[in-house]
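S.K.: According to TrEMBL, the protein has these features:
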type     : residues : note
TRANSMEM : 334-350  : transmembrane segment
TRANSMEM : 357-377  : transmembrane segment
TRANSMEM : 383-404  : transmembrane segment
TRANSMEM : 432-453  : transmembrane segment
TRANSMEM : 459-479  : transmembrane segment
TRANSMEM : 525-543  : transmembrane segment
TRANSMEM : 856-875  : transmembrane segment
TRANSMEM : 882-902  : transmembrane segment
TRANSMEM : 908-930  : transmembrane segment
TRANSMEM : 951-970  : transmembrane segment
TRANSMEM : 982-1008 : transmembrane segment
Amino acid sequence: MKELMRRHSRSIWLSVFLITLAGLVAATRLPVALFPHIDYPRVVVAIDAGDRDATQMAAVVTRPAEIALRAIPGVTQIRSVTSRGSAEVSLTFGWGDDMVAATLATQGALATIIPDLPIGTRFSVRRSDPSIFPVVGLSLTSTKRSDTELAQLAQLKLRPVLSTVPGVAGVDVLGGSVPELEVEVDPAKLQSLGITTNDVATALASANSISAVGRLEDRHRLYLALVEDRIGNEADIAAIPVKSGAGAASGIVTIGQVASIRRATAPAWTKVTLNGTRAVLVNVRQTPTADAVALVKAVDARIKSAALPADVKISFFYDQSELVTGAANAVRDAILLGAVLAGIVLFVFLRSWRLMVITASMLPAVLAATCLILYVLGMSFNMMTLGGMAAAVGLVVDDAVVMLEHLMRRLQESEHDGEGTRPSMLAAAREMARPLFGSTVATIVVFLPLAFITGVTGGFFKALAITIVAALGISLLYARYVLPLVADHWLTPKDAEATEKADGFMGGIIRRYEGGVTRALKRPGLFAAVIATVLIVIGAVSWNRVESGFMPKMDEGGFILDYKAKPGAALSDTDRLLRQVEKIIQATPEVASYSRRTGIQLGGGLTEADEGDFFVRLNNGRRRDIEKVMSEIRGKVGLQVPGLEIETAQLMEDLIGDLTAIPQPIEVKLFGDDETQLADAAQKVADGIGRITGIVEVNNGLRVAGDAIVINVDRAAAALAGLDAGAVATQIGSQVDGTIATQVQADEQVINVRVRLPQELRRRADALSSLTLRATDGRIVSLGSIAKISIAAGQRQITREDLSPFIPVTARLDGLDLGSAIKQVQVKVAELKLPPSIRVEYGGLYQQQTQSFRDLTTVFVAALLLSALLLTLLFEKWSFTFGVIGTVLVSVMAVLAGLWLTGTELDISALMGLTMVVGMITELAIFYLAELDADHPLNAQSLIAAGRARLRPILMSALIAILTLFPLALGIGRGSGLQKPLATAIIFGLAVGAPLIVTFLPMLVLVMTRRRKDIIAR
């Protein structure tokens, strides 16, 4: 093999160069995102059936839809929320299901029930993926233009330009007013002439037409014959004739004689502001696999080329690429700093600049090749792949260190032999082939069980695992075949002399090590028991005190503030409350800007006119932690703005929660058939858990829609007038909300023409009784003569899960970890003594945490078993296998202690770090055990000799891995908190586990070896 490598050394050099070059090119083409692409198994159906009673809506629309949708193969859960005239049904499928097929199946199931639903019922179906939230949000403001003009600019100029940007999934325009032509009729004139609003609307619709009546061939040309009577402006509308009764001398009157025509705006029950002023917002959504950073740059370039008026100011109220870039830069800086720290460790231990250069050259080559693999696999630069690279830096350097240290040791031995013959570096490298392969596989195998993990945890950590496995695979090949070639050409006896000088530094450490281990191995069982007991006690104490959570906390630089006013509150009243909230936000020094939506939400969804959200963007640079800012604003709003319910969450946290249908950490689900009993129980639970310190923003789930004006038609009176309830509803609807009679084309847009009554006749409920209706015989009757009008209290939204009525009581946390919170909530709910008919379940992020912890615990156990199998295959000694597994398990206690001491939550990131500790400890143990000669007896002397030989590389490897992860553990930088628990877990695991390999492991091996000999002797 060594001769083959020498003969083809040039080919190997060129291959490495080309792979590195290709990797660098691939790195420039990899898309950049915050998280890995995950197909979330959720489909959302929005249903609109007009203005309909909530109870009726649930019975005739929502329930049939639920039954049809529940029958779709693969549906694991179905949830619905029904309000007045609208409903939202959420379908959850299995992770890994084909969501394109699931979406089509959903549309197909709905198509089969449309004939059985009320006329006019509309559905919209969308997959739940990150594209529901914008990647960038733009605001349009102007001191000279109305919001109507701004909305037209956004719709007609900005939207078409931005829609063509590669990677854009959609462009949504929020806010502004829609222009209309309003025909406001005079009721007195209509009544005197025997005309109704429907007559005016019909005349408008008939007059505004263009029809093709045929083709005509004349003088060698073919013509299309058109009958055209199009309306162009207000004067054209005023001139349209309306047939009347006998009240007019000519029998004909025009619309202008019975109505006033003016330009107006469509009725709107939403409002949008930016920093307290009216604005138009433009949300740009990306496709799931788009490059967020490149997309935002392209959007910015298109805006500059859009040639908008000079008085229109466009600004970014949200830019996800800032978080993506900040997080990527934080991980990049951590990699660079970690590499520098690793170089310092190398020089301290080896004192050779050449060895540093060789190691330093291997790191970028391996990372470049890793980028090439990610590009081929269609992955992206995101927090998990970049975090995987950061975690792999120490492992890659470790492979180089172990190989170079072994080569230097062989070079030193040849100098001491006095033969003067330089040993072959390729032959020396072959001696390390087996332990190097075993150690690399030891780290790789711990990631194999992740292939069977689903959910957010599986999606996130599979990306990290693929990155680390790719880096380790390349590192193994380079350390085994490339580094020996480099060493064979560059390393000289002088390098061995320089390394030998470093032995003076290590000499004292080695002497102390030998003395301590020699004494311990005289009574290995006692010392091993003491060490294990101490660490287990520390671990048990830490386990009871360490906090737990689901996802790591990170500062995103902005947050969402959802709000709900009193049910049915007028838009003006809600706006008055929100002005007070805006003052609180403006007075917070960390706030850079904010946008507000009322009646709509940033991520869409079922929204009443009395609810909406703020997006608050914080300043970059040094400031208070975002959690403290959110807590302060939450507290001030609670004290200063009574009557307003709020929830606060960071955007990505809210996004992941929405994508999995459970955005709140705490969700107590109450099931029961008695609606009154269920509502009472929900209020009790909300009051109970609201008294727990650290639990905030408690929502009792009893969301009530606004009051309703109920018109009860007297069937007998209506029948005498030749009317029925349907005819009454049609005529009253045209007068209250108006009728869109026709449309007028104005340049590039089409404007609706609405016929309606004056505002004073539809402003108050008591004015409705004077509205007039036309009977079938032409008589005009008042609404009050055939119907009774009353005010009905608002109805509660109806929520169901898997077709069973339930109420979700939700809450968020402030300064309290999820694990402690849910324990207190469970105790509090148990104390309430709810009726036996009420069934209680716990959902929210806690449910996700429980599933993720169960999955990652399975991964941890599988990693231990696979490591045991690998050790057995390599050494065929039970003492080695069980000794290493025992060392790993006591090292885990140090991880728990480290999380507790640093105040880091035990979450999915920390559990992944815990699993990686299994592979890293096993890797170092393999290097130690490989030093034990199978042909020589296994005793205290041989164990001490192996420790003496491997102490330096093991300490170097552990220190390098710790220092390369140390920048990540600090969590410095925007969005860097995602990797902090993982890095912290690995650091504490290695800090304790590495010394245990050369101390505790020999004790266990010796105890089991002696026990085996005693058994054989008997």
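Placed from the backbone N, Cα and C atoms, the Cβ positions cover glycine too.
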S.K.: Any contact between the transmembrane segment (882-902) and the transmembrane segment (459-479)? By contact I mean 3+ C-beta pairs closer than 8 Å, pairs at least 6 apart along the chain.
M.R.: no
S.K.: Check for me, if you would, whether the transmembrane segment (982-1008) reaches the transmembrane segment (525-543) - at least 3 Cβ pairs under 8 Å, residues 6 or more apart in sequence.
M.R.: yes
S.K.: With the transmembrane segment (334-350) as the reference, find which of 383-404, 432-453, 525-543, 908-930, 951-970 contributes the most Cβ pairs under 8 Å.
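M.R.: Selected stretch: 951-970, with the most Cβ pairs under 8 Å.
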S.K.: Go through the chain and flag residues at least 6 beyond the ends of the transmembrane segment (357-377) whose CB is under 8 A from any CB in it; none is fine as an answer.
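M.R.: Residues 16, 19-24, 26-27, 29-30, 339, 342-343, 346, 385, 389, 392-393, 396-397, 400-401, 404, 466-467, 470-471, 474-475, 478-479, 482-483, 486-487, 490.
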S.K.: Does the transmembrane segment (459-479) reach the transmembrane segment (383-404) with at least 3 CB pairs under 8 A, where each pair is 6 or more residues apart?
M.R.: yes
S.K.: Thinking of Cβ pairs under 8 Å, which stretch from 383-404, 432-453, 856-875, 951-970 has the most of them with the transmembrane segment (908-930)?
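M.R.: Counting Cβ pairs under 8 Å, the winner is 432-453.
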S.K.: Take the C-beta pairs under 8 A between the transmembrane segment (432-453) and each of 383-404, 856-875, 951-970. Which stretch has the highest count?
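M.R.: When the Cβ pairs under 8 Å are tallied, 856-875 comes out ahead.
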